[in-house]
Amino acid sequence: MRYAHTVEQVRAAEGALLARLPEGALMQRAAAGLAATCAGLLAESHGRVYGSRVVLLVGSGDNGGDALFAGARLAARGARVCAVLLAPEQAHRAGLAALRQAGGVLTEDQRDGCAEIARADLVLDGIVGIGGRGGLRPGALPYVRAAAEADAAVVAVDLPSGVDADTGEVSGEAVRAAVTVTFGTHKPGLLVDPGAEHAGVVRLVPIGIGVPPPAAEALQHADVAALLPRPTGESDKYRRGVVGVAAGSARYPGAAVLAVSAALHGGAGAVRYVGAAAAAVVAAHPETLVSEGSAQGLKQAGRVQAWVVGPGLADGEDAVRTLDQALDAALDPDVPLLLDADALRLLARRGPAPRPGLLLTPHAGEAVALLAGAGVEATREQVEAARLRYARQLAELYGCTVLLKGSTTVVAGPDPAGPVRVNPTGTPWLGTAGSGDVLSGLAGSLLAAGLAPLDAGSVAAYLHGLAGRTASLGGAAAGAGGVPAGVGGEGPISASEVAAALPAAWRSVTDRA
Ligand SMILES: NC(=O)C1=CN([C@@H]2O[C@H](COP(=O)(O)OP(=O)(O)OC[C@H]3O[C@@H](n4cnc5c(N)ncnc54)[C@H](OP(=O)(O)O)[C@@H]3O)[C@@H](O)[C@H]2O)[C@@H](O)CC1
Ligand SMILES: [K+]
C-alpha cells in the first residue's frame, strides 16, 4: 500500500523528530535522497553527472534549501550547477553557502535564469513545497514556462510547485515534473489528479518520520492479490457469491450486456439478470441466470449476495420502480447494493437514502447531480479539480461508500476519519462509452464475493484500470500500479475489450503476488 499524509500530519510528525535530531539532519537526509535520484537521471540521459548542467529553482523556504543542498552534492560530483533565486533575501542561508562552496553559481536575473534553463540537462523545482499556499506566484511563471519548453528533465522537490499537497488541486499553472522526489511519506495531492499528472513518477525518500494513520492510500499489486476472492474445493456458486444485475432497457440493452460480462469475470459464482434486455444478455452470455418472474422485480429474482442497479436503466417508470425496490426494503438490507448511472440520477431526485453496504459509483456529472440532491451546488469542473474533497463530501452526505470515477478514481467510505483510496492504475483511453458499466458489474461481483464496499470499489477500479491498459496496449500485459498512464504504445479501446481483458488483469495481479 502507498500511504499519503496531509501537511498537518507531516508537520506534527516532523516536529517530534526535529526535537530529537541535530539541526539540519532531516534536510540532509532529504537532500541526499534527492541528489541520488538526480544523479541516476543524469547518468541515464547524459551518461554521467560530471559536466552535466543542472539548474535549481530556489524559493524562500526549506523546499529551496533541499534543492540547494542536493545541488551542492551534484556540484561536488562535477555537475555545473546554477541556482536561480526567486526570493534572494529569504533563500536558505546554509544551503546557499554549501552550494557556493561546492562550486555552484547563483543568479537572480530572470533572463540569465531562463537562458540557463534552456540549456540545462536537469531542472530541480525547489520553489515551494508543503509550505505553499495558493497557486504559483507571477515571479515564478517565466521559469516554470521555460522549464516546460526546455529539453531538461524536471525533478520536483517534495511536490510540484503549484500543486496543493493535501488535495491535488492546481489553481492556475503548476510545475510539470518527470519525477517527484517526496520526503517521509506521500502527500495526497501526488496521488490524485490533477496533481498526480503534474508529479510524474513519484519516488519516496524515507527520512525516518513516524506518521499517524494515513489520509489517503493507494493499493498496490500485493494488496489487491490479498483482497481478491479465491475459490476453495468447498466453493459452490452461492459460497462464491451470486450477483444480481438490474440494468439495461429496451433503449440501452448494451449497458446490461457489459455489466453482466464484467460481473461474470469478477469472481462471483453466478450472475442473475433482471430487466428488459434479457434476450441480449442471454445471447451474449448464455451462462446468465434470467429467473422466471424477473419482470415482477428484484425480490422475485432468487437468492443474490449483492445487487448492481442502474446501468442503462433510462429514467422511465421501470427504472423508478427498480430503484424503489432496491432502496425501500424490498431487498434484504444485509445484501450490499451498488447504484450506478441512471440509478444515481434517480437517487439524486430522492436525496440521501442511507443503507448498509451501499456503494455509489458516480462520474463527475452524476456527482454534481447527487450533490444537488443533498443541497450542495457544484460544477463538473469543480468536482474534477477537487476529487478527494467531493468524494468525501458525497460519502458523508449519503452515509455510504462513494467511488468517484474519472482521471483518478477515488473511493471514500462513510467514516470521515478513514483514508480515501486513490486508484493508481488506468489510462485516459478508459473514458469510453460503457466503461462505467464494466466497472460497476465488476465491483458488484466483488461485493457478492464478500468484499466490503471500500475494498470492492477500489479493487474493481484497480483491475478495471489494468484491464484498460492491457486492452489499449493490444493485449500486452500492463505494468504495475503506479506507472503513469498515457505512456507510449496505447491505442483506442472499447468497453467490451476492457471486459474481455479482466481475466488477464486478474492473473497479472495474482501471478506477481
Ligand atoms: N516535512 C519534513 O519532514 C521535511 C521537509 N523538508 C522540506 O521542507 C519543505 C517545507 O519547507 P517550508 O515549511 O519552509 O515551506 P516551503 O514549502 O519551502 O515554502 C514556504 C515558503 O514559501 C513561501 N510561499 C508560500 N506559498 C507560496 C507560493 N504559492 N509561491 C511561492 N512562495 C510561496 C512562503 O513565504 P511567504 O512569501 O508566503 O511569506 C514560505 O517562506 C518541504 O516541502 C520539504 O521540501 C525537508 O527539508 C526535510 C524534512
Ligand atoms: K517543489
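Cβ coordinates are placed from backbone N, Cα and C, and glycine is handled just like the others.
What TrEMBL records for 10-217 is domain 'YjeF N-terminal'.
Sequence annotations record features per position, and here TrEMBL assigns (6S)-NADPHX binding site to 62-66, 129-135, Asp158, Ala255, Gly312, His363, Asp437. For His363 ((6S)-NADPHX binding site), the Cβ neighbour count at a 10 Å cut-off comes to 22, with all displayed protein chains included.
The secondary structure of Ser161 (K(+) binding site), as reduced to three states from DSSP, is coil rather than helix or strand. As annotated by TrEMBL, K(+) binding site applies to Asn63, Asp125, Ser161.
Per TrEMBL, the feature domain 'YjeF C-terminal' maps to 220-509.
The AMP binding site feature in TrEMBL is assigned to Lys405, Gly406, Ser407, Thr408, Thr409, Gly436. Around the Cβ of Thr409 (AMP binding site), a 10 Å sphere holds 29 further Cβ atoms from the protein chains shown.
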Sparsest-packed of the listed binding-site residues (Gly65, Gly406, Gly436) - C-beta count within 10 angstroms: Gly406
With neighbours defined as other CB atoms within 10 A, the best-packed of the binding-site residues Arg133, Lys405 is Lys405
Between the binding-site residues Ser161, Lys405, Gly406, Thr409, Gly436, which lies closest to Ile130 ((6S)-NADPHX binding site), Cα to Cα? Ser161
Between Asn63 (K(+) binding site) and Asp158 ((6S)-NADPHX binding site), find the distance joining the two CA atoms and give it rounded to the nearest Å. 7
Just how many other Cβ atoms lie inside 10 Å of the Cβ on Ile130 ((6S)-NADPHX binding site)? 22
I'm trying to understand the geometry here, so how far is the Cα atom of His363 ((6S)-NADPHX binding site) from the Cα atom of Ser161 (K(+) binding site), in Å to the nearest whole number? 28
What are the non-local neighbours of Thr408 (AMP binding site), defined as same-chain residues 6+ apart in sequence with CB under 8 A from its CB? Gly168, Leu191, Val192, Asp193, Ala196, Arg387, Val422, Asn423, Gly426
